[in-house]
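Engineer: Please see the structure below; I have some questions.
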Amino acid sequence: MNLRAAGPGWLFCPADRPERFAKAAAAADVVILDLEDGVAEAQKPAARNALRDTPLDPERTVVRINAGGTADQARDLEALAGTAYTTVMLPKAESAAQVIELAPRDVIALVETARGAVCAAEIAAADPTVGMMWGAEDLIATLGGSSSRRADGAYRDVARHVRSTILLAASAFGRLALDAVHLDILDVEGLQEEARDAAAVGFDVTVCIHPSQIPVVRKAYRPSHEKLAWARRVLAASRSERGAFAFEGQMVDSPVLTHAETMLRRAGEATSE
């Protein structure tokens, strides 16, 4: 599954609401069918049945199973065996061993605890891992805190630290980096600012909890027309240059060209000839 090419707008959808599956798939780049926190305990059997009975495109679908070591996870995996889905999201990931147990499935490790944050590099290095995500609210709860954000909406320092840790671990091992959800659905401006920052520092995805957030995220990740035009020009100029060179008043070297290639990739344009 080439999730890197899917796009930046991923959407959680409760797995016990199969009537929402098609709408979610139409709105999002990737749908995350949720068997964990989004489903009440009494509804989990129905959610597992819905996975089998209401299939989506497995190339654009991830299933969030329950945490490792739980009876619910074992039941989730049994249900998944009857589907075409090959990628799972592991919540509260805390070790490489938890990820390796899920092979041969591809795994997006969701880090939501202090132990998971400390072991992020180990988790990212595990062979089944294809992506790394972090979760702010569960993280703060496990730390004994009460709020992940300050009054102005900005993340508190510990949340920012874990966010950066996950991004670095994902990048170090060539995994997708997924930014946490923005819980305030009505705060479009806050989501836009957060998604722009995520794209600027190297996240591949901002995960959403409502279809209305998807276009905001896509717009935030897409470079402006001016930046795309610059990227095309500088890459064209680089073909006749060796090493670093001056271009439009700026010194250009390999990292600058990588930034330009990333812009075009996010816009869906090829960068090789």
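Every residue gets a Cβ built from N, Cα and C, even glycine.
According to Swiss-Prot, the feature substrate binding site maps to ARG64, GLU112. The Mg(2+) binding site annotation in Swiss-Prot covers GLU112, ASP138.
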Engineer: Return the residue, from the listed binding-site residues GLU112, ASP138, with the maximum count of other C-beta atoms within 10 angstroms of its C-beta.
Structural biologist: GLU112
Engineer: Roughly how many Å lie between the Cα atoms of ARG64 (substrate binding site) and ASP138 (Mg(2+) binding site), rounded to a whole value?
Structural biologist: 15
Engineer: Tell me, how many other CB atoms lie within 10 A of the CB of ARG64 (substrate binding site), whichever protein chain they belong to?
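Structural biologist: For ARG64 (substrate binding site), the count of other Cβ atoms within 10 Å is 23.
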Engineer: Whole-number Å only: compute the distance from the Cα of GLU112 (substrate binding site) to the Cα of ASP138 (Mg(2+) binding site).
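Structural biologist: Here the two Cα atoms lie 5 Å apart.
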Engineer: Would you mind pulling the DSSP three-state label for ASP138 (Mg(2+) binding site)?
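Structural biologist: SS state of ASP138 (Mg(2+) binding site) = helix.
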